[in-house]
Amino acid sequence: MVTIVLGSQWGDEGKGKITDLLSQKAELCCRSAGGHNAGHTIVHDDITYDFHILPSGLVSPTCVNLIGAGTVVHVPSFFKELASLDGKGLKDVRDRVFISDRAQVCFDLHAVVDGLEEAGLGTRKVGTTGKGIGPCYSDKAARRGVRIGDIMDEGVLESKLRSLEAGYRRRFGELDYNVEEEIARFKEYRSLLKPHIVDQLTLVKKFEDESASILVEGANALMLDIDYGTYPFVTSSCTGLGGAVQGVCLNPTSIKSIVGVVKAYCTRVGSGPFPTEQLNEVGEKLQVAGREFGVTTGRKRRCGWLDMVLLRYSARINHYTALNLTKLDILDDFDEIKVAVAYKLDGKELESFPASSDALEKVEIVYETLPGWKSTTMGVSKWEDLPVNAQKYVEYIEHSLGGVPIKWIGTGPARSHMIDRN
């Protein structure tokens, strides 16, 4: 049976910990979309692991890991991340991670183009990670991309990469990029990659036929989805439920649970509308207390209050069957906590979440104010040990989402800092 873990906001919700917890029982852990632009951290046995393109199921010694067809893979980053895990003592990681032959290759060329495209947008910059993800997905959609399986044929790889480079030179003129150097690097990678490349359909079907436990690890989050996010300030892949099914070629009828990960407040990295953003001491307090710096970019995250309008929209699309509320402890020192319950535009309450980012920039927020608890929840592992007002905050969120249960509550960075209400 399949469990899918998805970010419900703009990413950085803390998906790594619940994925780590659930992967202990998983036999196959999959990444379905995105690339090394994603990032999350797992603390296991007092060792911190940063994951970007690799599935975090690698922390579990018996879990097989798959990077699916919906992803884009920067090969140097793949091997760099493997080396980092090796160096921290994880066993047999190189024997337990596979890449779909249908995944796309993200070249250094794409990162160069990413920077040029961002510079050309001026004040309307998307705020990308600069990793080349958008240009790589653009090449995929335009049917000129290079797949992981193409790497095994030297002639095919060279021809396609030279064609890409020539096209971008026609568009931009001079590029700070050497195609010969990238081709030479892939001559070294070819033999190293070969043991990792698989026919994804055969691998996934084998686990499905055995009724194995499969975990799909969503990257980024719903509000960064190319279709349903705050377009155009989004990533270039499908980051919701649909992308998880498509990117791993899952049988939808095998899905047992869809876990939405919800940060107890909101954050966002990069540009784009953020209705509940607090450009004041509240935002600064959340940023400092929450240590809100991006795992991939190191950029400060923008911070604001929890947004139930956004979460209801997210739940409508992803159909969560359970929630993991994270970083509850960051709210410990607030006298009162605000929650967005409605948007108004031109004085009228909106009935649905706006598709237009321009409209989102203009909305007026209707807040409900809840009492804080002014006592520590750090490290609490039992529901009954939470302060009463912290319990009420959790129950308020459940009620606002129509009764979707919050089954896990994060109360700190360590693996043990989790309340399991199952």
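Every residue gets a Cβ built from N, Cα and C, even glycine.
The following features are taken from Swiss-Prot:
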BINDING   11-17, 39-41, R301, 327-329, 410-412  GTP binding site
ACT_SITE  D12  active site, proton acceptor
BINDING   D12, G39  Mg(2+) binding site
BINDING   D12, E13, G14, K15, N37, A38, G39, H40, T129, R143, N220, T235, R299  IMP binding site
ACT_SITE  H40  active site, proton donor
BINDING   V295, T296, T297, G298, R299, K300, R301  substrate binding site
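H40 (active site, proton donor) carries a strand DSSP state (E or B).
Site extent for IMP: the farthest pair of Cα atoms among D12, E13, G14, K15, N37, A38, G39, H40, T129, R143, N220, T235, R299 sits 34 Å apart. When the C-alpha distances from N220 (IMP binding site) to the binding-site residues G14, G39, K300, T411 are tabulated, the minimum falls on G39.
Non-local contacts of R301 (substrate binding site) by the CB criterion (under 8 A, 6+ apart in sequence, same chain) comprise D12, T267, R268, V269, Q287, G290, E292, F293, G294. Inclusion criterion for the binding-site residues G39, R299, K300: a C-alpha placed within 10 angstroms of the C-alpha of G11 (GTP binding site); this criterion is met by G39. Restricting the recorded positions N37, G39, H40, G298, K300 to those with a CA within 10 Å of the CA of L328 (GTP binding site) leaves an empty set. Taking only the Cα positions, the spacing between G298 (substrate binding site) and T129 (IMP binding site) is 10 angstrom. K17 (GTP binding site) has its Cα within 10 Å of the Cα of these recorded positions: H40, taken from N37, G39, H40, T129, R299, K300.
Considering only the binding-site residues T129, N220, the Cβ with the fewest other Cβ atoms within 10 Å is that of T129. For the recorded positions H40, R299, K300, counting C-beta atoms within 10 A of each C-beta gives the highest total at H40.
According to DSSP, G298 (substrate binding site) is assigned to coil rather than to any helix or strand.
Contacts of G14 (GTP binding site) defined by a Cβ separation under 8 A and a same-chain sequence distance of 6+ are given as H40, V261, K263, N324, T326, K327, G410, in order along the sequence.
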